[in-house]
């Protein structure tokens, strides 16, 4: 599911190669880490994985011994996520929550209500923080856009007599 999530957000050309960490040192000082159960992308079984949230990315691993040499089993860029919220009623499991993008929703199960709330809060903060930084990077200078539009329209060909009627 993370692969298709990545593709839906960034397109297949931007899919990270296996072991690609995007320059994030996930092995040290994570914002949050811990065990969660997630559903597989293709075979819909529930598997327990070690998750690490750091610098706007949610990584997961088979075990909790994460080192520099560890290879993530998957990664979700949280800036692409729209919501993170409880989902017990959706999948009928205690301590469940969901993480949604425009095109899909992933489900996770924490070990307790407290951990579920902590993950929701941590991921939610990361979504806000990293969405804001993306928005700041995409600021458009409307004044220069207007000047360009005015300049290009003034250099257009003069209207014919038929256009002036």
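From the backbone N, Cα and C atoms, a Cβ is placed for every residue, glycine too.
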Candidate ranges 124-144, 145-165 [criterion: TrEMBL lists as region 'Disordered']: 145-165
Mean of the pLDDT scores, which run from 0 to 100, over the domain 'PH' (29-128): 95
Counts by DSSP class (helix H/G/I, strand E/B, coil) across the domain 'PH' (29-128): 23 helix, 40 strand, 37 coil
